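> Provided herewith is a single structure, encoded as structure tokens, for subsequent inquiry.
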Amino acid sequence: MSAQISDSIEEKRGFFTRWFMSTNHKDIGVLYLFTAGLAGLISVTLTVYMRMELQHPGVQYMCLEGMRLVADAAAECTPNAHLWNVVVTYHGILMMFFVVIPALFGGFGNYFMPLHIGAPDMAFPRLNNLSYWLYVCGVSLAIASLLSPGGSDQPGAGVGWVLYPPLSTTEAGYAMDLAIFAVHVSGATSILGAINIITTFLNMRAPGMTLFKVPLFAWAVFITAWMILLSLPVLAGGITMLLMDRNFGTQFFDPAGGGDPVLYQHILWFFGHPEVYMLILPGFGIISHVISTFARKPIFGYLPMVLAMAAIAFLGFIVWAHHMYTAGMSLTQQTYFQMATMTIAVPTGIKVFSWIATMWGGSIEFKTPMLWALAFLFTVGGVTGVVIAQGSLDRVYHDTYYIVAHFHYVMSLGALFAIFAGTYYWIGKMSGRQYPEWAGQLHFWMMFIGSNLIFFPQHFLGRQGMPRRYIDYPVEFSYWNNISSIGAYISFASFLFFIGIVFYTLFAGKPVNVPNYWNEHADTLEWTLPSPPPEHTFETLPKPEDWDRAQAHR
């Protein structure tokens, strides 16, 4: 992205110095976004290959005789189950650890959280630089793992992204070990980033900006940072035990030596359930700002919105075993986790109805960011979440495509749509150039139709009893699988179109000549700065009237 030249120091920064050695929070945020986009492209390519295989019954593409991109009915094809497992595993690992959190927390969080609170930079700029390059190392390790020797004398670890033992402890080759190291490094970069965010938020707010005057996106990133800080060390301990079981003869998860594989499930999901809220909370913050801007109204219920995010974060830590209803828990335990899980619907409902109340009576402008916010179908995932929170119903739905549909409505039509909303909302601010509105709207409709075509039919497949993570299925399931795969092709085409939109915008987009190119309801501090912001922002700290409407109108 082109930088605005504001002084002679900036003119001396070459390309290498700026992008490889930068400690500037804005540049590091952009780096996070681009790297997450690259990891996302790899991950969705794996997704499309999965959906190609599942479009029709029988195995057509993933053959032991060799991978194919074109089905050949005349040629023999022995199913390559390891390749299938590898594709499933790395799609999950990349998306969960290297795409959504780095984009929302590392990208938008790094770039805009300091701007929202009027801070000149992050509290620890060099730590910020270290966090990013550790993230690059993590992505590199994950891709190296995909290409390294694994089980069945083939590349990659085919154990699922959750790395459950005994599959993960018995998988041959060192691809599994590299995957564990990739997750470790991902955890380290997130923990360092979280420490930085928390310190910045607590110590570097503009004069007069008390806690409950901080914009909702900054609050969302701050709460997410606490969740990362409290949950990722637990995951680190669990996968270290896994590494020890694989290489040093310990038996933490081996019943033959007194271990217990269910212990690993508890450790993993104590991290894994807060993880889904870490992925979605920054998205909640973005959606709040977008809806407020394009409904031309202040956000409804600011304080309940903050408290709802804090409640979601707290409750997220005490519901982990709802992933484990079928793992032999007592009825008493299941009853507790069932009730606690349904309780999360209350603060989530507060947020959803506050967004609706913000739009109610507003003068709504259907620009591209607002379309993404309106299509933020996290709510559909939330409704199916209440269904599978019931232990009795989960007996039926566990490990079926109903779970896949539930999870992807939360992640794909939730977190991913929030990333797109944030990109279109802020790309003019970050680059100084605006996207073509028609292209943004076309991308939205392609992705919206494609995503719903993929995941909505999967509810039906789950209801019919189709288990997830299988390379083949009976012909009875073929109708909805075919529709789901068509949706995947439409979504993939829309993602490639989005990449084109981003590069067109950066190099040929219409220049933005004003700080605030939306309207007066885009009222956080970044809209007082030039587009793009200069390298050094808020060297003179902002005054209350710059960000507080009550002060400005006195």
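Note that Cβ sites are derived from N, Cα and C of the backbone, with glycine treated the same way.
What you are looking at is a predicted structure, and each value in this text was computed from that prediction instead of being measured.
Per Swiss-Prot, Fe(II)-heme a binding site is recorded for His91, His408. Positions annotated as Cu cation binding site by Swiss-Prot, on the basis of similarity to another entry: His273, Tyr277, His322, His323. The annotation heme a3 binding site is assigned in Swiss-Prot to His406. According to Swiss-Prot, the feature disulfide bond maps to Cys63-Cys77. Under the heading transmembrane segment, Swiss-Prot lists 26-56, 81-118, 127-148, 175-203, 215-248, 260-295, 301-319, 331-359, 367-390, 399-425, 436-463, 478-508, citing similarity to another entry as support.
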> In sequence order, what residues of the same chain, 6+ apart, have a Cβ less than 8 Å from the Cβ of His322 (Cu cation binding site)?
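Result: His273, Phe337, Gln338, Thr341, Ile388, Ala389, Asp394.
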> Have a look at the recorded positions Cys63, Cys77, Tyr277, His406 and say which one has the shortest Cα distance to His91 (Fe(II)-heme a binding site).
His406
> Using a Cβ-Cβ cut-off of under 8 Å, list the residues of the same chain that are 6+ residues beyond the ends of the transmembrane segment (367-390) and lie near it.
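Long-range Cβ neighbours of the transmembrane segment (367-390): 280, 283, 287, 290-291, 293-294, 322, 338, 341-342, 345, 348, 352, 355, 397-398, 402-403, 405-411, 413-414, 417-418, 420-422, 424-425, 435, 437, 440-441, 443-444, 448, 452, 459, 518.
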> Which residues, in sequence order, are found in the same chain with Cβ within 8 Å of the centroid defined by the Cβ atoms of His273, Tyr277, His322, His323 at the Cu cation site, excluding those residues themselves?
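What remains near the Cβ centre is Trp269, Gly272, Pro274, Val276, Gly316, Val319, Trp320, Thr341.
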> Do we see three or more Cβ pairs under 8 Å linking the transmembrane segment (127-148) and the transmembrane segment (478-508), pairs being at least 6 apart in sequence?
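By the criterion, they do not touch.
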> List, in sequence order, those recorded positions among Cys63, Tyr277, His323 whose Cα sits within 10 Å of the Cα of His408 (Fe(II)-heme a binding site).
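Matched recorded positions: none.
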> From the Cα of His406 (heme a3 binding site) across to the Cα of His323 (Cu cation binding site), what is the distance in angstrom?
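His406 (heme a3 binding site) has its Cα 13 Å from the Cα of His323 (Cu cation binding site).
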> Of the listed stretches (26-56, 175-203, 260-295, 331-359), which one yields the highest count of Cβ-Cβ distances below 8 Å with the transmembrane segment (301-319)?
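Selected stretch: 331-359, with the most Cβ pairs under 8 Å.
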